[in-house]
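Below: one structure, written as structure tokens.
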Amino acid sequence: MLMLQRIYASRQNKGQIRKGLLLFHQLQKLGPGESITEFLLSAVLRSCGRIEEGKQAHCVTWKHGFLGDVILMTSLVNMYCKCTSIKEARLVYYEMPTRDVIATNCMIAGLCRCHFAMDAIQLFEEMPKRDVGSWNSLISGLAQNCESEKALFFFERMRLEGAKVDLITMVSVLSVCADLAALVNGKQVHGLVIKHGFELYLPIGNATVDMYAKSGYMDDACLCFDNMPCKNIVSWTSLIVGYGKHGLGLEAIKAFKQMEMAGIVPNKITFLGTLCACSHSGLVQEGWRNFNTMLHTYSITPMMEHYTCIVDLLARAGRLKEASEFIERMPIKPDAKLLTAFLSSCCSHRNAELTRSVGQRLLELEPEEAGTYILLSNFYGLAGDLEGVAKVRRLMSERGIRKVKACTWIEINRRVHAFESGDMSHPLSKEIYSYLADLFGKLKTNGYVPNTSMVVQNVDEHRKKDILLGHSEKLAIGLGLISTPPGTQIRIVKNLRVCVDCHVATQLISKIEGREIVARDSSRFHRFKDGSDSKIEEISAAAAGDDLDSDLLDEDARARRLTEDDKDKSLDVGPNGRPLFTSSTLISELTRKDACTYMNFSMEGLNVVLPEGLPMGMVKEFEESRRIALLVRQSFLDLRDNFRRIVDPPLWSSDGKGPKVRKQIVLDGPVSCGKSIALAMLVHWARDEGWLVFYVPKGREWTHGGFFYKNLQTDLWDTPVQAANILQDFLKFNEPRLQQLPCQIFDPIPLGEGAGVGWMKGVDSMGMPESSTLYDLIQTGLMYTHAAVGVVVRLRKELSLVKDIPVLIAIDQIHQPEEMSWPDSIWPRKVLNGSPEKMPKTGRDLEVAAAHSYDLEWQEKGMKDSGASLSGGKADHSWGRRSWDRRKGAAASVGKLRKDLPAVPEDARVNLPRYSLDEAAAVCHYYLRQRLIRREAFSEEKWKKIYYLSNGNGTEMRWLVPFIR
């Protein structure tokens with residue numbers, strides 16, 4: 001019985017909740033009494049995701065007489081709260097014979113989850129004893145219910161009562177300060193974070209970056225981000241979203257590319273943040289590229305929010321027709337938010353036909369949404385269509401539609417003040433309205449005309465002007481003007497979009513009063529200074545850039561022009577009048593004279609020769625340049641010739657003074673210096689020459705991804721899913737040849753854990769028939785995933801015994817620390833480094849791995865901080881693993897395993913250099929040829945500036961060249 005309960009707990013821990021519940025039903029059938037315990041029922045209640053399941057578990061609890069168990073009853077309360085059945089949760093809570101602090105904390109959290117914030121406060125006040133969990137439950141719950149001011153109040157009270165704060169408290173309060181843009185409070189909380197030693201925790205770092213970004217201090221957000229010891233996808237997404245909210249689209253795109261180079265895989269939310277940034281900055285082309293990258297590079301299915309961003313991106317730029325066509329082509333039906341964004345742009349661009357059709361469609365989809373009526377009414381008012389305004393107002397009246405109340409917040413002297421439209425409740429209301437009346441008299445002399453079309457109420461013109469004067473953002477700005485010294489920056493936050501009239505008025509106020517006013521609305525930040533809004537200037541500049549560089553931004557037009565350019569061979573000119581493209585059609589024909597030229601390929605040919613997949617850098621190069629061509633680098637030719645010398649003995653230097661030949665190479669070097677592309681080209685060359693190549697383009701998924709742990713029984717590293725994928729890829733190009741190559745080792749293959757199916761009972765090894773081929777060996781690993789890892793290990797040994805065929809083993813994307821190390825059971829401890837005279841002409845196997853860079857300068861700085869020591873120029877092994885985990889974001893469990901792995905010899909390491917000045921010249925001339933740069937803007941001075949700015953980084957150069965103006 002105890003064994004069954006352990007199995008249930010194991011399945012619950014592995015996320016197999018449904019299987020666990022089925023097992024519980026089987027357990028009940030075994031008999032009454034001791035088979036059901038309070039511990040088992042507590043685990044079952046945690047698994048219940050539906051109210052029906054929870055009620056059944058409740059009945060079992062009652063049936064077995066466990067209603068007096070406080071822990072079990074607390075689990076019942078928590079279950080009902082999760083299922084939002086607050087009535088049942090209350091009944092269970094108040095029927096408990098004794099209630100401890102944990103049970104009450106659970107009830108407070110449940111009340112907040114079900115939007116009973118006042119009841120939660122009352123229950124909190126009635127508690128005779130509280131712990132830190134009590135405060136956390138209430139503060140986080142109030143924040144979730146948009147009761148941020150109350151959450152801050154209880155945090156202050158928590159400190160005054162001397163209650164201890166913890167990590168959860170700090171994260172919750174930082175989020176509250178971010179929502180309110182309460183910078184002064186946020187800075188104080190940040191100080192408490194440092195005081196209590198929480199600043200190194202990842203959730204705290206993420207919350208701090210988000211707080212400063214939402215408070216309008218993007219520089220401080222960037223500083224906090226840079227100081228984080230480790231970063232995950234949430235960290236990068238917070239930074240990117242922050243840039244987008246501030247209208248810093250180019251910075252958001254740059255951060256996205258830096259995240260990719262750091263090895264962090266973006267998710268849906270990251271792409272959403274980048275698309276929003278492009279939309280707010282008017283970067284239409286960059287937005288499209290980002291959307292296509294999400295679809296084709298990362299195979300992420302777009303959500304409705306992604307489609308909304310693309311529609312908003314096009315519509316804001318005035319491309320209403322393209323936006324409309326995009327909506328019609330969408331694979332899913334548009335929702336109200338998407339249509340509302342489109343309608344807003346249609347109104348802004350005064351397109352009457354689209355406004356009416358989209359508005360009607362939106363009214364049919366969500367007839368109770370007030371925003372649609374407001375947009376339509378404002379549009380008809382701007383167009384002078386009084387009949388249309390009256391019709392919309394009549395519909396609102398008949399359907400009982402009321403506009404959502406606008407609310408604006410401002411923080412002054414650590415106190416947050418809230419205003420609604422027409423608010424008279426503030427103690428300084430008379431002073432605020434009096435000051436604004438005088439101020440608006442000055443505004444009118446400077447050309448301000450109240451936009452009364454924004455008022456939907458059926459009142460006279462004078463009353464409309466009074467209503468405009470009482471808009472919440474104007475009242476908040478008025479309080480800021482009378483409560484702060486001259487020249488002080490004013491920051492406000494609004495729950496809705498800033499209206500057109502308030503936008504114009506705030507611009508003029510910033511000029512007349514000499515104040516910088518930062519306004520955060522539901523969409524983004526506006527920074528008003530000297531009578532202008534940075535948002536408008538940035539979008540206008542981006543739009544002007546679009547007009548200037550329409551050939552660059554319109555991909556269809558660029559494609560047509562490139563097709564025409566292909567007929568003009570005079571354009572194929574590189575630096576100093578040299579040919580830009582080599583005439584060689586085979587990689588084996590390339591010589592030193594071909595260095596710094598481009599070699600043309602075909603996508604069909606590459607897919608045939610490299611069916612395992614192309615490196616991401618190669619794919620992006622093809623997408624950006626719209627041509628299937630690669631730069632021939634001298635470093636690649638040296639790499640190719642190294643292996644050619646091994647296979648072709650006459651190339652060896654007879655006096656022994658020639659280049660050193662390496663059988664095993666680890667390509668190291670800076671990020672984005674072309675390691676993966678060089679390795680793929682090497683594989684291409686080897687297969688052209690008839691080599692048998694074992695190519696793994698995504699070694700990261702194998703070497704430290706998925707199921708990775710050491711099997712103590714077989715002493716192998718179990719990665720069954722990845723091993724099976726690698727075997728499948730190996731067959732794609734080599735299947736006919738493998739069917740002809742016989743196996744030479746017939747020892748039993750050890751079995752490990754299968755892919756998602758556990759261990760094979762009663763069997764620990766599997767034999768191979770003596771007539772088997774290498775193809776049969778691989779099929780065994782694919783058919784029985786228990787043997788997949790063992791087959792990969794065996795395959796490595798079999799390949800070393802292959803005769804008459806050169807063998808190349810090429811593994812890409814191995815992230816390693818300074819001490820490079822590979823799995824013991826897959827890679828040999830002894831590197832094959834026999835002299836060429838003693839090596840046979842057959843049975844040669846070569847190992848190549850492209851490893852990403854490891855920043856030694858950063859490493860030395862980190863060691864000073866951690867107190868570790870350098871020995872012989874190398875870091876202590878354990879410290880090296882820790883620093884690598886933090887820098888690459890790898891799982892800690894994988895990092896700890898590294899101590900058992902053998903190191904790769906130092907002489908195997910080959911540093912692939914950054915792009916040289918000559919190579920950069922060829923790259924920039926190639927991008928000029930492919931219309932990524934305007935010909936009239938191109939000069940030697942400008943492309944050299946690009947080279948030095950990018951520090952010879954290929955990805956950075958490709959990203960920067962379109963900005964040559």
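Here the Cβ of each residue, glycine as well, is placed from N, Cα and C on the backbone.
Per TrEMBL, the features are as follows:
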REPEAT    100-130  repeat 'PPR'
REPEAT    131-165  repeat 'PPR'
REPEAT    232-266  repeat 'PPR'
DOMAIN    447-534  domain 'DYW'
- Message: Counting by DSSP secondary structure, give me helix, strand and coil numbers for the repeat 'PPR' (232-266).
- Response: 26 helix, 0 strand, 9 coil
- Task: With DSSP as the yardstick, break the domain 'DYW' (447-534) down into helix, strand and coil residue counts.
- Result: 38 helix, 16 strand, 34 coil
- What counts of helix, strand and coil residues does DSSP assign across the repeat 'PPR' (131-165)? 26 helix, 0 strand, 9 coil
- Task: Would you report the average pLDDT that the model assigns to the repeat 'PPR' (100-130)?
- Result: 89
- Query: By DSSP, what is the split of the repeat 'PPR' (100-130) into helix, strand and coil residues?
  - Reply: 22 helix, 0 strand, 9 coil
